[in-house]
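Q: Pasting a structure below so you can have a look.
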Amino acid sequence: MAAAALKRMRGPAQAKLLPGSAIQALVGLARPLVLALLLVSAALSSVVSRTDSPSPTVLNSHISTPNVNALTHENQTKPSISQISTTLPPTMSTEKSGGASVAPHPSPTPLSQEEADNNEDPSIEEEDLLMLNSSPSTAKDTLDNGDYGEPDYDWTTGPRDDDESDDTLEENRGYVEIEQSVKSFKMPSSNIEEEDSHFFFHLIIFAFCIAVVYITYHNKRKIFLLVQSRKWRDGLCSKTVEYHRLDQNVNEAMPSLKITNDYTF
């Protein structure tokens with residue numbers, strides 16, 4: 001009886017404990033789900049930031065290229081001015097040798113040139129850059145010839161150049177002819193295709209004739225016997241022979257016999 005009473009008391013207590021345990025289980029499941037969602041959101045934000053980050057670098061690269069070009073052109077213009085300044089003293093020496101009383105002008109120092117370049121307007125610098133971009137080759141040629149005293153390059157073609165050009169033209173023609181011949185082999189004309197089709201048809205007929213001859217040669221005895229049997233039948237069943245019924249024309253068939261009523265045994 002006591003055991004039964006204890007079981008009855010435990011039943012309601014367990015029923016009360018079941019909702020609390022279910023709530024704890026749900027809370028335990030919700031925590032890892034929340035952590036997983038946080039990790040996924042952090043990963044997505046990092047990926048988006050990585051994909052968005054290269055765009056400003058590309059823009060900076062596009063923006064920085066003109067500045068680099070401008071700096072290179074400025075660096076090219078500065079040595080040209082210094083080189084021009086170095087070529088000025090010989091002209092003054094020639095004037096002195098001629099006897100003319102002209103006061104020598106001092107050559108500008110590099111510091112004064114840099115200050116003058118810095119004081120110049122940006123519009124003038126842009127015009128100089130445009131002029132250098134329009135004709136860089138002529139400026140370089142003049143500077144090179146002035147520095148080293150080399151003669152101008154003769155752009156006229158010589159006989160050797162003409163021979164080389166003729167050789168290259170002949171080689172190109174040879175390559176073109178070879179390519180055309182290869183194309184003609186690869187892509188035959190319609191006439192060749194028609195001839196091929198006729199040849200195939202004639203080949204089939206020739207093979208059929210060879211098969212007939214082979215069969216007749218190996219079966220010539222049978223064919224000969226068949227022909228002879230047909231001739232024998234034609235001889236027996238010829239249209240020239242007339243057949244008569246024996247019961248009507250017995251006298252004609254056997255004239256030695258006579259119809260008599262006397263029979264001998």
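Yeah, the Cβs are placed from backbone N, Cα and C, and that goes for glycine too.
Pulled these from Swiss-Prot:
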COMPBIAS  72-96  compositional bias 'Polar residues'
COMPBIAS  114-123  compositional bias 'Acidic residues'
CARBOHYD  ASN75  N-linked glycosylation site
MOD_RES   SER229  phosphoserine
MOD_RES   SER256  phosphoserine
REGION    72-123  region 'Disordered'
REGION    135-168  region 'Disordered'
TOPO_DOM  50-196  topological domain 'Extracellular'
TOPO_DOM  218-265  topological domain 'Cytoplasmic'
TRANSMEM  197-217  transmembrane segment
Q: Under 8 Å between C-beta atoms and at least six apart in sequence, can you list the same-chain neighbours of SER229 (phosphoserine), or say none if there are none?
A: none
Q: Can you check how the pLDDT averages out over the topological domain 'Extracellular' (50-196)?
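A: Mean per-residue confidence for the topological domain 'Extracellular' (50-196): 56 out of 100.
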